[in-house]
Structures are given as structure tokens and as C-alpha cells.
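**Q** Got a structure for you, written out below as C-alpha cells; questions coming shortly.
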Ligand code: SAM
């Protein structure tokens, strides 16, 4: 899995933060140069810098940040080969399925490997992710990527899981299954051979259409899965901030002020500002409804209330998340 490191060395994968929606993965190599619209950034200058550093371009015209890769940042910077699972879904699925350090997970298909990175970090060195992809090119690309990212706890298999199932040479005993396939109902009957027999196993199927969900529910029930539930994640940004409480008296004072100014006429506005002994413009005081001195949010001399504001929906491939459990029959012979 991505290693936590403090300092950038030659050969490291670095995510160059060029702008809010522009993260570029680079492998640091002496002599190479990252070219951006904010200028050129020689890789040699990055070596020895702490991850998170800001670096300026060769001609000092712009700057970027050098970030340590995490599954979340990889999800927003990876080369897309398929639709991918985004962090609002993957984080929800991981916590809901109780995937933890040491867990054994099956994932099909691998696709662009977005979710594989999140699983790999969560299960850690004592767990294992068994990931399957039947598209040869995607399989080869994912294999190369997982090797270069050192996802050593991932077993990637080139396989059509719907026709050939999930068996590999070693024992799988999966405690959690994640299916992001066009026809999960064809893969579900193969799972009984590879899931843990002595504990409750969870499954999540990720499907964009309700017709797929219906077929999958039928297959799950036929194969002994219970507690079937469907969820859809619609992630939004919430901004929490403080808003100044404005009193009625303030509004009245503001109206009086407008009236006064109208009376005094525009000439008054043209007079030079009043200055103190040092020549600084005198503070005109705070006018909560108009221009005046800037007040820092939360300034204790004023009264504030906490408010929240929603943002647009986050970028996520909205799919239905179908969850179920298989509880072991502990009376049966294993
Ligand atoms: N979850 C992945 C991610 O986050 O990057 C994206 C998965 S993508 C939507 C679905 C993948 O499943 C495709 O790459 C496709 O080739 C693969 N696939 C479809 N049917 C399959 C099958 N029967 N066996 C194995 N892989 C399959």
C-alpha cells in the first residue's frame, strides 16, 4: 500500500497539486521536468523536500504543492480506464462492512483500481485483497500500477468471475465481497466456495440501475444471503460558519444614517477623511449593513450564530449500494 514518508526521494510517486481540479501523478526522476501552465518544475528540485512542500517554478512564475499519495488523492488523479468508485461511496462501504486491518476482501472487477487502493490501505499488511479483472488491457495496467505503488497485499487475477468463479491457488476465506460488475447475479453463485465459513460475511453490490438491483436481490436470496438492504449515497459539501447576529436597532440606525447622508448632501462625501495625529484615517466604526471596518469572523465584541450552507453534490458515480450478509450455519459440517 502507499507508504507514509516524510521526505521525497528519487523514484517516489508524488501528486503534484497544480490547481483545485488538477492533480498530476509523477515519478520523481533526476533530470525530468514537470511542465505546467504555471511554469516548469525540475524534478531534481523536489528531491529532499518534505511531502506537502510548495515549490516555485524554475523562473519563479508560479508554484505547485508536492503531495504524498493517499487512496483519496489517487481517486481524483488516476488515469480513468472505467467508471470508478469515489471516496464518498468507498468510505461508506468500508465502514459499513466493517473492513479493518487484517480483513480479507474480494473485489470484482478491478476497473481503474480506485477502490483497490482504499481496500489495500484499510486491510493493511496482515489483510489481503483478492481483485479480479477480465479485460486484459485493464488487468495489465492495474498489475503494473499496483506493483509500482507497492500494493503488496493485493492478489490480482485475470479472470471472468461470472463464468469461472473466484478460486485461486491460495485459500481466500473472504470476510467481505464487493462486486462492481454489470451482472453481479452471475458471479454470486460462485462465492460460496471462497467466503469464510466460520463467521458472518458481508457483501456489497454496486449497480447503477434498479433492474440490476432487482436481479441481484433474487440471486442473493437464492444463495442464502440475508439482511438485504439498499442504500444510495448522495454526498454534498456542507459549509459551517458563523454569521453575525444583527439587531433591529442596527437596521434602524442604518436607515437613520442613510437619511442623514441624504440630508447632508453629496458634498460631505467629497471632504477628505478625518485623520489622527499620525495622519492615519480615523476609524469610522462598524456599520453592520454597509461599508465599514472589516470584522473577523467570531470577533468576541459581536454576537454570532452558527449557520450552515450546502454546496453542490460531490463528484461521485451515483449507484445503488446493495448490502447483504451470509451468517454461517455453525451446526453444519464445515
Ligand atoms: N470499482 C472499480 C474502480 O473503483 O476503479 C471500477 C470497476 S469498473 C466499473 C467494472 C470492471 O469490471 C470493468 O473493468 C470490467 O472490465 C470488469 N468486469 C466486468 N465483468 C467482469 C467479469 N465477469 N469478470 C471480471 N471483471 C469484469
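Sequential numbering from 1, following the chain as shown.
Any Cβ shown, glycine's included, is placed from N, Cα and C.
Unlike curated records, TrEMBL annotations are generated automatically.
So TrEMBL says this about it:
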| type | residues | note |
| --- | --- | --- |
| BINDING | 133, 160, 180 | S-adenosyl-L-methionine binding site |
| REGION | 263-301 | region 'Disordered' |
| COMPBIAS | 263-285 | compositional bias 'Basic and acidic residues' |
**Q** Mind computing the max CA-CA distance among 133, 160, 180, which the record assigns to S-adenosyl-L-methionine binding, rounded to whole Å?
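**A** Farthest Cα pair among residues binding S-adenosyl-L-methionine: 13 Å.
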**Q** With an 8 Å cut-off on Cβ distance to the 133, 160, 180 Cβ center, who else from the chain surrounds the S-adenosyl-L-methionine site?
**A** 108, 109, 110, 111, 132, 134, 135, 159, 161, 181
**Q** 133, 160, 180: which of these binding-site residues has the sparsest Cβ neighbourhood within 10 Å?
**A** 160
**Q** Work out the three-state DSSP category of residue 180 (S-adenosyl-L-methionine binding site).
**A** coil
